[in-house]
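Per Swiss-Prot, the features are as follows:
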type	residues	note
BINDING	ARG68, SER69, GLY70, ASN81, THR85, ILE86, ASP87, LYS95	substrate binding site
Amino acid sequence: MTITQVKIKKLENFSGSLPEYATEHSAGMDLIAANEQPITIKAGEIQLIPTGIAIALPDSFEAQIRPRSGLAVKHGITVANSPGTIDADYRGEIKVILINLGKEDFVIEKGMRIAQMIIAKYERILWEESSSLTETMRGSGGFGSTGV
């Protein structure tokens, strides 16, 4: 496994610990809410939650912001644009767009674990326009064509 060093900046509203892996094989690191006052997300509502951190990703890396499964299954709280993408050239505060799909209001307190961040390497491509594509068994079948 390759370890890549990434610069992280604690902002004025930061509190708690830096994102870290919970176990040896965790893919994601928990992001912590850095809101000054509690934020209530009403049922069906979306809120932007600050984390108090900014990062400088190396070229060809992105950060993916994903839901925490416990918040989703227990409270209906998930990341609205999942996965959210943080590009390598973004230097502002990481914020998480949460939506409450549950039936009850939910309060985000400062220091609460609100999402996971996965750091991933990616490749860029160059389009090669073509009048035909190679045939596959699946062909153009989609949206349930391989079974439910």
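Cβ coordinates are placed from backbone N, Cα and C, and glycine is handled just like the others.
Applying an 8 A CB threshold to same-chain residues 6+ apart, the list for ASN81 (substrate binding site) reads ILE65, ILE97. When Cβ atoms from all protein chains are considered, those within 10 Å of LYS95 (substrate binding site) total 17, not counting its own. The most densely surrounded of the binding-site residues SER69, THR85, ILE86, ASP87, judged by C-beta neighbours within 10 angstroms, is ILE86. When the binding-site residues ARG68, GLY70 are compared by the number of other CB atoms within 10 angstroms of each CB, GLY70 has the fewest.
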